[in-house]
Amino acid sequence: MKMSVIGCGYLGAVHAASMVKLGHEVVGIDVDNAKIEALAAGQSPIYEPGLPELLVESVGSGRLTFSTDPAAAKGSKVHFVAVGTPQKAGSYAADLRFVDAAVQGLLPYLSEGDLVVGKSTVPVGTAERLAKMVEPTGARLAWNPEFLREGFAVKDTISPDRLVYGLPADAGDAARAKALLDEVYAEALAADTPLVSTDYATAELVKVAANAFLATKISFINAMAEISEATGADVTQLADAIGYDARIGRRFLNAGAGFGGGCLPKDIRAFSARAEELGKGEALNFLKEVDGINLRRRDRVVELVVEALGGSAYNKKVAVLGLAFKPDSDDIRDSPSLDVAVRLNGLGANVVASDPQAIANSRRMHPQLVFGTTEEALRDADAVVVVTEWKEYRELDPKAVGEMVTSKIVIDGRNCLDVAAWRDAGWKYTGMGRR
Ligand code: UDX
């Protein structure tokens, strides 16, 4: 099928290339000329495992092209809208400027029977409004939220764990929209991927509800970490024990520096803001707590470093290992790890921060920080802080690292190190919510 993808950022670039892998012919459209040129040359604008190879293959096949001109969407049957919905400056609400502009820009090129498919994460009620913009062209709108995780984006797009279609109210329109989406996702459907076909509002809500639930799960365990710290309990064992209850489950119960990234933090804030607009703010009051607990964990990492250094980080060399909001990503949006580095630096510590992929992005945002290799960070450090659980940090040899540093003090901001091994090697180990 011929399709267009409007917005070639994280979501759009992965979606466009993955659709080619599923056998379709795709044009990716974005206003950013530099991004389009790079993509057209088969270069990935982000660090995402598997994406560079997929881009080279798809562009090489001639079935993936890129353009800055919305007219390139003409002739496509399905048009995915995959632009960003960042947090509005000075507010918790989502900024819908890019979504509105993408749909507006598409209108002149839509034909009777086309389907515009929203993938961006939006406040509930947006699809209904956009559908009214699209309908006069003879095209229709569907909402098809995306649940991809960074680091697994290609796999999650090609083999999603579920598909959600938000379809028009009119039964005929809904059937036609569903048939087109079924054709798009034929491969996933043939593999028995669960499908929920519903209305616009439910589809929009599924996405924010899923992210709100995940954020709540993480903040729940981080709240338990706070209580563990006050009582001498161990939150990791606590998570194991409650996680054996199948109703709870062990995943997303890792206590640590908290969640970050381009989705969870802004999505829970936008969800709260939308609930308030709907006069239902109270229903989501708990999300403010979820956000608050999350932000407190960053403070806690900094506090633990200062405590371990005897009450002041001033003039102490601190190795900060990790800047990306999670491993296998170069994304530093709302990253607790980068935040910890910046705060320690602000306290007068001589921070040397490292990350396998996120240094360039971090430097652009915080040129005042000193960055280096893992070794440069560790050499003569008075304290080591691990804030992103990259494999190379989890696998560090505590004996070898012990020989490089000035003091064997390690703060494990992600509870990802082997406590016994580090303690046996003579380290003063402090985890998050652990004895
Ligand atoms: C998330 C959702 O998982 C995805 O379904 C949605 O579409 C977009 O948002 P992503 O932002 O890629 O995906 O990251 P995710 O793997 O969910 O991790 C989010 C943050 O939570 C990271 O900072 C991670 O370190 C943190 N986290 C995750 C924890 O602190 N503890 C956990 O147990 C799990």
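Glycine too: its Cβ is placed from the backbone N, Cα and C atoms.
Caution: TrEMBL annotation is automatic and unverified by curators.
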According to TrEMBL, ASP30, LYS35, THR121, GLU150, LYS266, ARG333 bind NAD(+); identify which of THR85, THR231, THR373 is listed for that same site. THR85
According to TrEMBL, which candidate in LYS178, LYS207, LYS288 joins PHE147, LEU148, ARG149, GLU150, PHE252, LEU253, ASN254, ALA255, GLY256, GLY260, LYS326 at the substrate site: LYS207
Can you grab the distance from ALA255 (substrate binding site) over to THR121 (NAD(+) binding site)? Cα atoms, rounded to a whole Å. 26
Please go through the binding-site residues THR85, ARG149, GLY260 one by one and keep those whose C-beta falls under 6 A from any atom of ligand 1; give the result in sequence order. ARG149, GLY260
Close recorded positions near ARG333 (NAD(+) binding site), where close means Cα within 10 Å, chosen from LYS207, GLY260, CYS263: GLY260, CYS263
About how far apart, in whole Å, are the alpha carbons (Cα) of LEU253 (substrate binding site) and THR121 (NAD(+) binding site)? 24
Long-range Cβ list for GLU150 (NAD(+) binding site), cut-off under 8 Å, min separation 6+ in sequence, same chain only, gives TYR10, GLU48, GLY261, GLY262, LYS326, ASP328, SER329, ASP331
